[in-house]
Structures are given as C-alpha cells and as structure tokens.
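What follows is a short report on a single structure.
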Amino acid sequence: MALGNHSTITKFLLLGLSANPHVQALLFVLFLGIYLLTITGNLMLLLVIRADSRLHTPMYFLLSHLSFVDLCFSSVIVPKMLENLLSQRKTISVEGCLAQVFFVFVTAGTEACLLSGMAYDHYAAICRPLLYGQIMGKQLYKHLVWGSWGLGFLDALINVLPAVNMVFCEAKIIHHYSCEMPSLLPLSCSDISRNLIALLCSTLLHGLGTFLLVFLSYTRIISTILSISSTSGRSEAFTCSAHLTALILYYGSALLHHLMPNSGSPIELIFSVQYTILTPMLNPLIYSLKNKEVKGERSLQDSSDLPQLHKGQARWNRLAFIEGRREPGAPEKPGPQPGAACSALHAAPTALQ
C-alpha cells in the first residue's frame, strides 16, 4: 500500500498513568511492591505444591500452571511499566511493542482456559464425586493444561502475525502503560481489516468459549449445592467460592476493560490495572484462603470420610458416601456431602507465611 509522504515510525510513546513526576515516583513504589508480592506469592505457591505430595492432584496441577501463568503475565507488563515510570523517554520499539502484545495474548488466553478447566474440575468433584477419579484422569488434566497453553499461543499467532505487516506513521502516542492490540490498530496507516477480523474472531471464540464452559459448570454446581439438604453440607460446598471469586475478578475486569474505548481515560486505566496487574497478585491470596493442608492442621490421608488421594486420583469409599458410614468394624460417622469433595480436593495452599 502506498504511503505517500508519510514517514514510517519505529518507536511508540507510552503515556502511562500520569505525567506528574511526584505521582510517578509514588506509582513506582506502589507497583514495585505489587510486582514483588506477585512474584513471591506465586513462586511460593508453586514450591508448596511441588514439595507436598498430598497436593499432587489434578486441581493443584491446574493451580500450579495458573500461578506460573500469573508470573509470566505480570512480568510481561510490569517491568516495562516500572522502567517508564523512572525514565524521561517513555518509548518502546515497534518490535518490542508487538512482542509484548504477543505474550499478553499468550498469557491472558492461557489463563482463561485454565480457569475454565478448573471450573470443570469443580463440577466433577461436586456433581459427580463418585466418578471424580475416572473423569479427572491423568491424561485429561494434562490435556487440559497443554491444550490451554496451545490455545493461548494459537490466539497470539492469529493476532500478531497479521500485525507484523502493519505500517505505522505519524501518530505514535499510545494512551496506555503497555502495548495492546486495540491500542495499536488506530495508529496504523495501512489496511487493518484483516487484523480487526482476526481480533474479533479470536475474542469471540476464545473468550466466549471459555466463559460458556465456566457458566455451564457453575450452573450445575450451584444446582447441586442447592439440592444439599444439610446446612453444613452447603457451607462445605461454598468453600469453592475462592475459584468463583478469581473468575469474577478476571472475567469481570477483562470484560469492562475491553468494553471501554481506548482513550486512556482514568476508568479504563483502572480496569486495565485490575486485569493485568492486580489479578495475578490476588490469585495466590484468594486460593490460599481456608486451607489447612500445608499448615498441617488436617491430613487428608488420616480422614477416611474424605476422598483418599493417591497419585493424583480420588478414590472414594462408596459405602461411606452413600450410606453415611465407614467400613465394617469402624466407628460410624456421617458420610461427606458433595461439597466436602470440593473442600478436600480444592482448598489451595494457604498463607505461605
């Protein structure tokens, strides 16, 4: 496409969150602290899951990859942001900007798939507890993880490869603290129709596809919880609210962020910070609530009325579950409600203190 007298640019200017030097200094301290908390929390979560053999289960396997994705997601955005907060020249090369866009697509897309996979795991534990070990077999949860990474990379390639051929001229200001595809497209002076189609299709298929799986899973989960007759059973089932909280934070902030016009308005930047910076920090804290395994306050192996874990598989005592009693000769105790499955299998490592 002919560019006429336009001069092609090689760098973009990231305006960031504020132009006031004093505010920038405060923001640097704030976001440096958030980044360090994100790195520390997610790394310790990974180490705890790795070190404790009781946590070698499908849910924790998914959670460990979610923590790794959050590490990557935050590291794609925050270091460049911190650099620009201290620098007079807040620039990024076109190649560096496209690389950042690529890895944002990879990490955000992978996280959406992992969250939907975790929702399906919750569905299997609560709605089909006796068949949990068969449903969440070793091959399935590994396929869920590697499929999530594969879809994340595919999503990135579909969007970034056409963007490599875009030509940017004259306008070079990005009203944001990072590079995102919706912010880049208006700056191009070449034809962007294919880029818009790729962005729209990938967003609808990837975003709506994962959200649909989450919605269907939690529809069945809530229906099962409401069918539990005892109040204690319902309270046990609602210990799975940590995952629901993470879902609301991720999908809610992402939806609001992408629905806002790319004008660099304060509200848009707030939702963007929540989506890209705060969520990776909050996930380890959310998933560490109400867990007792790591503290040693409760042993899954010593509780025969809960699912017994062996090599990542849940082996249920059918008599204990259905009839509300243990094996012959053992003291009688009430059998667990479906919600107890969630409490036992899915309470993530806590407080890493």
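Here the Cβ of each residue, glycine as well, is placed from N, Cα and C on the backbone.
Unlike curated entries, TrEMBL annotations are predicted automatically.
Your range for transmembrane segment, going by TrEMBL and the list 140-158, 159-177, is 140-158. As annotated in TrEMBL, region 'Disordered' covers the listed stretch 324-353 rather than the other ranges in 294-323, 324-353. Each of 25-48, 60-78, 140-158, 196-216, 269-289 was scored by its Cβ pairs under 8 Å to the transmembrane segment (98-120), and the highest score goes to 140-158.
Using a cut-off of 8 Å between Cβ atoms, the transmembrane segment (269-289) and the transmembrane segment (25-48) share at least three residue pairs, counting only pairs 6 or more apart in sequence.
Listed as Cβ neighbours of the transmembrane segment (196-216) (distance under 8 Å, sequence separation of 6 or more from its ends, same chain) are residues 109, 112-113, 115-116, 119-120, 151, 155, 158-159, 162, 181-182, 185, 247, 251, 254, 258. Listed by sequence, the residues of this chain that lie at least six past the ends of the transmembrane segment (60-78) yet keep a Cβ under 8 A from its Cβ atoms are 31, 34-35, 38-39, 42-43, 45-46, 49-50, 100, 103-104, 106-108, 110-111, 114-115, 117-118, 121, 141-142, 144-145, 148-149, 177-178, 276-277, 279-281, 283-284, 287, 312, 348.
Looking just at the domain 'G-protein coupled receptors family 1 profile' (41-287), the mean pLDDT is 85.
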